[in-house]
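Pulled from TrEMBL, these are the features on record:
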| type | residues | note |
| --- | --- | --- |
| DOMAIN | B:28-138 | domain 'PurM-like N-terminal' |
| BINDING | B:30, B:45, B:75 | Mg(2+) 4 binding site |
| BINDING | B:30, B:75, B:211 | Mg(2+) 3 binding site |
| BINDING | B:46, B:47, B:122 | Mg(2+) 1 binding site |
| BINDING | B:47, B:75 | Mg(2+) 2 binding site |
| BINDING | B:54, B:261, B:314 | substrate binding site |
| BINDING | B:121, B:122, B:146, B:213 | ATP binding site |
| DOMAIN | B:150-293 | domain 'PurM-like C-terminal' |
| BINDING | B:214 | Mg(2+) 5 binding site |
């Protein structure tokens, strides 16, 4: 059996993990075919992960697959979309059966968890990289956008921040921590959990949303710019997970403010919807508020004083990540 | 201006080349949004092209972009889909302004020619490669499949074969030809023309179809296997372009039978539709017929004798192309 045939067999499980639904035709012809329910739109997003730029090489292939699918599916969450499926373009220098089995296992596990079915792809030889394109559906006109934030709205985040940034020195082998401390951090890095259900709930409540991939301050800037407002973030309200409480506070805070890879939803919310949402999503936190402005993001101390923002101090994995 | 900002500006033209239509939201948010007309399905296909495997490196960036989009859009033609848009995941080691301008120029030109709008993408640093995902629409249930060929149908091809194979030694710098001879061949390699209009016309006529990317015999095998039939190809009926008539006949024939990259549609057709189709598409050729069988492809001489098929004799660009 050729190795590309081997790859197809390994990936067959993910292509069948979710039955029927919007996938009228999956892998095996020139195109996949998707059917949308009446009144729904298709949401599409593409992400590429390159070895040595977006992940260390070598790394655990199962974790790589889980990270790649989680990262890409997070864009569906950010639009409030319901997951349908994905294509995988996998380029790899050679394909050992062990590597492929582990990769396919991780991919299938993440696909099932996120409700995504593998509908097509391409496998090519070359330097290791992955491009995933994800598909979701959303009622026409109801997708969450970055551009709807209005002065008076609250600025909220879907959960704690900074874990993935704290994991990065561990991922890079620059730091060692006891397993009990390291494991939850590494899980946040390698197995990001796109907040798909929260995104769907936000469709009729939030005024703007995105997922935090580049860091809280940078991504808040995207909402502020798209909406033509200012966002004020109270530093003391940035939620940190218990896993971070044993690490140096300055490092933790910098990671939570400027570190990427958390894949929490950041959104703006008319205040009257807060109680309803918190009842169902107790882990969400109010970070601050939307004010009149032109794309500014302000970081505030508890006394309302504006704080300097960490600039360029945070090490992404790879200098030129984009 | 950062180079990734530069890239975004260069690509802006392709994202606006086609107005509105099915693209409800293009580049700039977490996802693009597509709207489908009632009763239509979305067709999706992904292709990756890696430097040194699928194209020589260095090469003309404008031609590279045109080839990448043509190759990928050909999968839409093979399903009979109408083009909507595409995403581009571009990984490149560095981004000189000249390279980017030329690449974007070629991309925009091909996007306009094929009716495709750039709706999203990702730009990353790494070894040069491109992954394109194309989107089209097709009336529900009307997509051309590989599996519908029936004994008694004719086997047809959308135009001449072998030009791209004959171009390969030129592309690789292994052969030199006078410009008048080389140029039409190189154009077929670098600027493949997906047969989108023919594919749409075939939706109500053909019983099975695909596009020839791996070579006539190999791709005929896919229709034969999917449909559970035998395909008989009369070697003398394989159409060769005038550009090939000055080259050695054995090389030309081998390229036409086993060389990839032609991106002509190969399809099976109930005989009663031939006259109608030929009136509109005079360049199409009947290659043979569909017979009872189990996935075989037979190559026949004019006297009906079965001919040996060229095996492994054709050099794809890169050994492990898939």
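Count begins at 1; order follows the chain as displayed.
Heads up, the Cβ atoms here are built off N, Cα and C, so glycines get one too.
On the structure: features taken from TrEMBL.
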residue	record	Cβ neighbours (10 Å)
B:30	Mg(2+) 4 binding site	27
B:46	Mg(2+) 1 binding site	27
B:47	Mg(2+) 1 binding site	22
B:54	substrate binding site	25
B:121	ATP binding site	27
B:122	Mg(2+) 1 binding site	20
B:146	ATP binding site	23
B:213	ATP binding site	21
B:214	Mg(2+) 5 binding site	20
B:261	substrate binding site	26
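Within its own chain, residue B:75 (Mg(2+) 4 binding site) has B:43, B:45, B:47, B:134, B:211 as residues 6 or more apart in sequence whose C-beta sits under 8 angstroms from its own.
Residues from the set of binding-site residues B:30, B:45, B:54, B:75, B:214 situated with their C-beta under 8 Å of a chain A C-beta: B:30, B:45, B:54, B:75. Look at residue B:75 (Mg(2+) 4 binding site): DSSP puts it in a helix.
The number of other CB atoms found within 10 A of the CB of residue B:211 (Mg(2+) 3 binding site), across every protein chain shown, is 26. Considering only the binding-site residues B:46, B:54, B:121, B:146, B:261, residue B:214 (Mg(2+) 5 binding site) has B:261 as its nearest partner by CA-CA distance. Residue B:213 (ATP binding site) has B:261 nearby among the binding-site residues B:30, B:46, B:54, B:122, B:261, counting only those with a Cα within 10 angstroms of its own Cα. DSSP labels the residues of the domain 'PurM-like C-terminal' (B:150-293) in these numbers: 66 helix, 27 strand, 51 coil.
Cα spacing between residue B:54 (substrate binding site) and residue B:46 (Mg(2+) 1 binding site): 15 Å, rounded to the nearest whole number. DSSP gives residue B:30 (Mg(2+) 4 binding site) a coil state; it is part of no helix or strand. Among the residues the record lists as binding ATP, namely B:121, B:122, B:146, B:213, the two farthest apart have Cα atoms separated by 32 Å.
Closest to residue B:261 (substrate binding site) in space, going by CA atoms and restricting to the binding-site residues B:30, B:46, B:121, is B:46. Per-residue pLDDT, averaged over the domain 'PurM-like C-terminal' (B:150-293), rounds to 95. In this structure the alpha carbons, written CA, of residue B:122 (Mg(2+) 1 binding site) and residue B:30 (Mg(2+) 4 binding site) are 11 Å apart. Across the structure, residue B:46 (Mg(2+) 1 binding site) and residue B:121 (ATP binding site) are spaced 13 Å apart at their Cα atoms.
Mapped onto three states, the DSSP output places residue B:54 (substrate binding site) in coil. It is 35 Å from the Cα atom of residue B:146 (ATP binding site) to that of residue B:30 (Mg(2+) 4 binding site). When the Cα atoms are compared, residue B:30 (Mg(2+) 4 binding site) and residue B:121 (ATP binding site) turn out to be 10 Å apart.
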